[in-house]
C-alpha cells in the first residue's frame, strides 16, 4: 500500500487490516518511509486508537525481523509496558528470578530505562549479567539454567529506524504496547503488566492473535487509585486471563492471597545500584515484607502461566518455596557465573 493511501485511511479514522498493518510496519522497519510519514502514522494510530488486528499485524512485522533465538515452547516472560510513573523497584525482574528458582523456564525480554530510573537491563547489568550475550550463547545459558535475558536493542536491530522518531514525538505510541509482545523467543506464556486499564482487552485479543497459550494481563492500583503496570499489593488488581483462546476477567485484592497491603512508598526503587540492592535483599531474605510480597505476587503468576502451579495461590506457595529454600538465590548465582563464562569465550 502506498503511504498516501495509508495516511488517508488513518486520517479518516479507518482501521487497518492485519495484513495492511503488517505491510505498513515492515515498510517502517525497512526504512521505506520518510521520517515525517512514520511520525504521522504513529500519531494518527494513537489518535484513532489501535485495534487487536493492528497490534497483531505490527507484531508479525517486527518479530519477522528480530534476531532468532530458540528457547523452546514453555518459556515464560514477565514484562510490563512501563509508563506508570510509580517509581517502583524492578518487580517483574525479581519475580522472574524467583519463578526460575521454582523451576519455571524464563525468557525475560527487557530494555534499559525509558520511563523509570532503572530498567530490567540496567539492574541485571549492575549485578554483573552480560546483557549483550549473543543468541547462540544465550541458548546455551538457557539450556543449562532455564533462564535467559533478551536485551531488546540487540534482538530488534530494525527498531533503530524509529528510535529517534519516537523520541522526537514525545508521546505514547503503539510501540509502548508492542514492547512486551515482541519477545524474540516468541513465547506463548506471559505475565504482562499494563499501565492503562483501557488497553487490557486489546492486549488480550492481540495475544490470542499472536499465538499465546496462557497469559495474564494485569493492571494494579495504588492506595490512591493510581495505575500500576504490575500486580498490586497496595490496592486491587484487575487480571485478564487468556488460556486456549478463551478470555476471562476478574478483580482481586491482596487479601485474596493472604498478602498484607502496603503503600506505594514502601515499593519505591531508585537507580540501578539501589534496585540491585533490593533484588539481592529479597533473594537473601533481608528485604522488607512489602518488597518481598510484591515480588512473590508477580512470581506466583509466572508459576501459574508456566503450568508449574494449578492456580495463583498454588503459584504463591511455589514462589515462597523458591525463596525460603534459598533456591532462587543459588540459581541466580549460577546464572550469573555461567553468563560471565559464556561472555568470556
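Each Cβ is built from the backbone N, Cα and C atoms, and glycine gets one as well.
Model, not experiment: these values are computed from the prediction.
Taken from Swiss-Prot, the feature 5-phospho-alpha-D-ribose 1-diphosphate binding site covers 80, 83-84, 88, 90-93, 108-116, 120, and the record attributes it to sequence analysis. Summarising the annotation, Swiss-Prot assigns anthranilate 1 binding site to 80, 111. Here Swiss-Prot flags 92, 230 as Mg(2+) 1 binding site. What Swiss-Prot records for 166 is anthranilate 2 binding site, and it gives sequence analysis as the kind of evidence. The Mg(2+) 2 binding site annotation in Swiss-Prot covers 229, 230.
Structure with Swiss-Prot features highlighted.
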{"residue": "80", "record": "5-phospho-alpha-D-ribose 1-diphosphate binding site", "CB count, 10 Å": "25"}
{"residue": "88", "record": "5-phospho-alpha-D-ribose 1-diphosphate binding site", "CB count, 10 Å": "24"}
{"residue": "92", "record": "5-phospho-alpha-D-ribose 1-diphosphate binding site", "CB count, 10 Å": "26"}
{"residue": "109", "record": "5-phospho-alpha-D-ribose 1-diphosphate binding site", "CB count, 10 Å": "24"}
{"residue": "111", "record": "anthranilate 1 binding site", "CB count, 10 Å": "19"}
{"residue": "112", "record": "5-phospho-alpha-D-ribose 1-diphosphate binding site", "CB count, 10 Å": "17"}
{"residue": "166", "record": "anthranilate 2 binding site", "CB count, 10 Å": "18"}
{"residue": "229", "record": "Mg(2+) 2 binding site", "CB count, 10 Å": "25"}
{"residue": "230", "record": "Mg(2+) 1 binding site", "CB count, 10 Å": "28"}
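Comparing the Cα of the residue listed as 'anthranilate 2 binding site' with the Cα of every entry in 80, 92, 229, 230, these being the binding-site residues, the smallest distance points to 80.
DSSP assigns residue 92 (5-phospho-alpha-D-ribose 1-diphosphate binding site) to a helical segment in the three-state reduction. Residue 80 (5-phospho-alpha-D-ribose 1-diphosphate binding site) falls within a strand when secondary structure is assigned with DSSP. Among the binding-site residues listed (80, 92, 109, 111), 80 has its Cα nearest to the Cα of residue 229 (Mg(2+) 2 binding site). Between the CA atoms of residue 111 (anthranilate 1 binding site) and residue 88 (5-phospho-alpha-D-ribose 1-diphosphate binding site) there is a gap of 16 Å. In terms of Cα distance, the binding-site residues that sit within 10 Å of residue 230 (Mg(2+) 1 binding site) are 80, 92, chosen from 80, 92, 109, 112.
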